[in-house]
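Here's the structure, in structure tokens; my notes come after.
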Amino acid sequence: MQPPPDETRRDAAEDTQWSRPECQVWTGTLLLGTCLLYCARVSMPVCAASMSQDFGWNKKEAGVVLSSFFWGYCLTQVVGGHLGDRIGGEKVILLSASAWGFITVATPLLAHLGSAHLAFMTFSRILTGLLQGVYFPALTSLLSQKVRESERAFTYSTVGAGSQFGTLVTGAVGSLLLDWYGWPSVFYFSGGLTLLWVGYVYRCLLSERDLILALGILAQGLPVSRHTKVPWRQLFRKPSVWAAIISQLSAACSFFILLSWLPTFFKETFPSSKVMGLGLSSVFALCLGHTSSFCNSVVFASASIGLQTFNHSGISVNIQDLAPSCAGFLFGVANTAGALAGVVGVCLGGYLIETTGSWTSVFNLVATISSLGLCTFLVFGKAQRVDLSPAHEDL
């Protein structure tokens with residue numbers, strides 16, 4: 001008697017997983033890649049205050065530029081997950097990183113092409129968002145296929161920690177470069193490092209044959225997997241799936257608001273200090289809005305950074321537990337919702353600052369969104385797999 005199709009699929013998946021040495025190399029490489037992703041992403045928020053002075057932007061116009069990233073970011077989430085499930089997440093990541101690295105390096109040139117600085121920077125951020133939008137869905141797809149189930153939480157949280165590290169690196173190093181050489185140097189720094197990382201991955205970890213095959217598949221639009229059907233109806237009938245989506249939406253929206261506005265907060269509130277912080281905790285976000293001490297602000301922001309890492313080993317891994325066969329697609333759906341909420345949240349943040357003249361309203365908004373996501377996940381979140389056929393769901 002032949003084994004059930006789901007068991008056959010599990011056995012085939014185990015045969016393609018990384019060995020322990022391979023997993024260690026890829027974990028370190030992807031940790032650095034995530035760090036550089038955020039180095040490039042945070043370059044604009046770090047430089048926003050200085051660029052606003054040079055180009056005469058007010059808070060609402062700066063908010064448009066900062067939020068425009070998420071317009072592009074939300075459009076490629078599902079595409080990135082789907083491509084990762086089909087051609088391999090590592091190839092999707094490499095191709096997108098080479099493009100966003102080039103655009104980041106070219107951003108200062110785009111800013112000085114003409115007098116329409118706002119339009120050019122908005123376009124640049126939309127394009128960067130489009131290219132970076134595929135990263136985390138492709139990463140989720142890659143790790144769900146290549147990493148053993150017992151090691152996914154550790155691997156994903158380790159790789160995801162690069163987002164906080166990259167943010168801090170750009171905040172610390174970027175503020176110094178900003179002081180010494182001006183805002184263009186921040187883009188040259190983050191974009192140049194990304195291109196160097198792309199060169200390393202291409203030469204040392206991926207075969208040229210596989211990459212050419214992936215490019216050919218993308219050019220022709222051909223299916224490459226026998227198991228590409230996504231059980232849409234089955235997935236979206238489960239409360240646990242909606243809990244994961246809403247929780248990811250809340251986490252992403254809160255993180256994006258802080259990612260975009262905290263550099264400006266520190267620059268305007270503590271202009272003589274060269275530090276930048278970021279994070280997610282609703283408690284510490286509330287504290288940020290009610291302190292006038294630089295040291296306390298750094299402590300609260302730093303604590304929030306550490307707490308954000310728990311999201312990677314919780315909600316993000318939960319999506320892989322729920323549907324490992326289409327984890328990239330499902331994460332893409334969840335992160336699309338988060339990116340759309342981020343667009344609204346970042347614009348709303350700029351509006352609140354401009355109209356109230358207070359940063360407290362922004363941090364209260366972040367705390368409310370974070371608490372909503374936490375409550376939803378605690379009530380409805382589960383780790384039971386939901387992408388199997390009904391007969392095998394409880395195995």
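Note: Cβ is positioned from N, Cα and C throughout, glycine not excepted.
From the options 70-90, 154-174, the stretch TrEMBL describes as transmembrane segment is 154-174. Record note: among 3-22, 43-62, 123-142, 123-142 is the stretch given as transmembrane segment by TrEMBL. Beyond its flanks by at least six residues, the transmembrane segment (92-111) meets 30, 33, 36-37, 40, 43-44, 51, 55, 80, 83-84, 117, 120-121, 123-124, 127-128, 131-132, 134-135, 138-139, 142, 183-184, 187-188, 190-192, 194-195, 197-198, 201-202, 206, 211, 214-215 of its own chain at Cβ-Cβ distances under 8 Å. Fewer than three CB pairs closer than 8 A are found between the transmembrane segment (241-262) and the transmembrane segment (180-202), and contact between the two stretches is not assigned (pairs 6 or more residues apart). Tallying C-beta pairs under 8 angstroms between the transmembrane segment (359-380) and each of 123-142, 154-174, 180-202, 328-353 places 328-353 first.
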